[in-house]
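One structure below.
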Amino acid sequence: MNDPHLLIDAGNSRIKWALADARRTLVDTGAFGHTRDGGADPDWSALPRPHGAWISNVAGADVAARLDALLDACWPGLPRTTIRSQPAQCGVTNGYTTPDQLGSDRWAGLIGARAAFPGEHLLIATFGTATTLEALRADGRFTGGLIAPGWALMMRALGTHTAQLPTLTTDIASGLLAGAQAEPFQVDTPRSLSAGCLYAQAGLIERAWRDLADAWQAPVRLVLAGGAADDVARALTLPHTRHDALILSGLALIAAEGAAQD
């Protein structure tokens, strides 16, 4: 089967897509908002008709309906598969006690990470609306994870639920901290809030990495992904690897496995 696969990652903040060729290479990519207010619709008119669409959607029913409408407008009747976490798939074994409770984005990311770093123990940190951590052993066993508020959500919660603290976006906070992160403590409220929430992210990652390395008594590669990864990386004292296509790469593997079974 040489037809490309359309891959869609509908996250809590935006929707990313890619077209994967027969070698699972992402040959076209893009992103758009949950609604038209979040930006223009994707222009898929120049793309070849794909074999089908494989979708990870953690954004809910309204986004699912929007995706269906976009796909039907471009390719009426295109087969589509909305993935769910499985007990085992593409070389990864799901360690959740109830496997289908694991978010489909995290599942696809685990599959993508195992393919990107075969034979390595991994801690995968993804920075979105939530910050998620996944522990993946070299043999493909996902042993569990952690979920915390993301950097933006932490700052928004403080601004919303206090009388005197500002509500800061990550763009504002990143600008405030440019050149200021070398100082361990900040000297005004906006920078103190920005740095405190950022260091909370970094501290979580470093504690989890050390606990994992101690528990496994082996080297663990730290892999960072997601929108706030650059900012969090500057606050880390650990070596790390950046990879921003784990979910789409995992979807490409799931799509290839599914197409081979057709």
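All positions are counted from 1 along the displayed chain.
Even glycines carry a Cβ here, placed using N, Cα and C.
Keep in mind it's a predicted model, so treat the numbers as computed, not measured.
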ATP binding, same site as Asp9, Ala10, Gly11, Asn12, Ser13, Arg14, Ile15, Lys16 - Swiss-Prot member from Thr97, Thr98, Thr126, Thr129: Thr129
Nearest-integer angstrom distance between the alpha carbons (Cα) of Asp105 (active site, proton acceptor) and Gly11 (ATP binding site): 8
Cα separation, Arg106 (substrate binding site) to Ile15 (ATP binding site) (Å, whole number): 15
Distance from Ser13 (ATP binding site) back to Tyr96 (substrate binding site), taken between C-alpha atoms, in Å: 25
Rounded inter-Cα distance in Å - Ser104 (substrate binding site), Thr129 (ATP binding site): 15
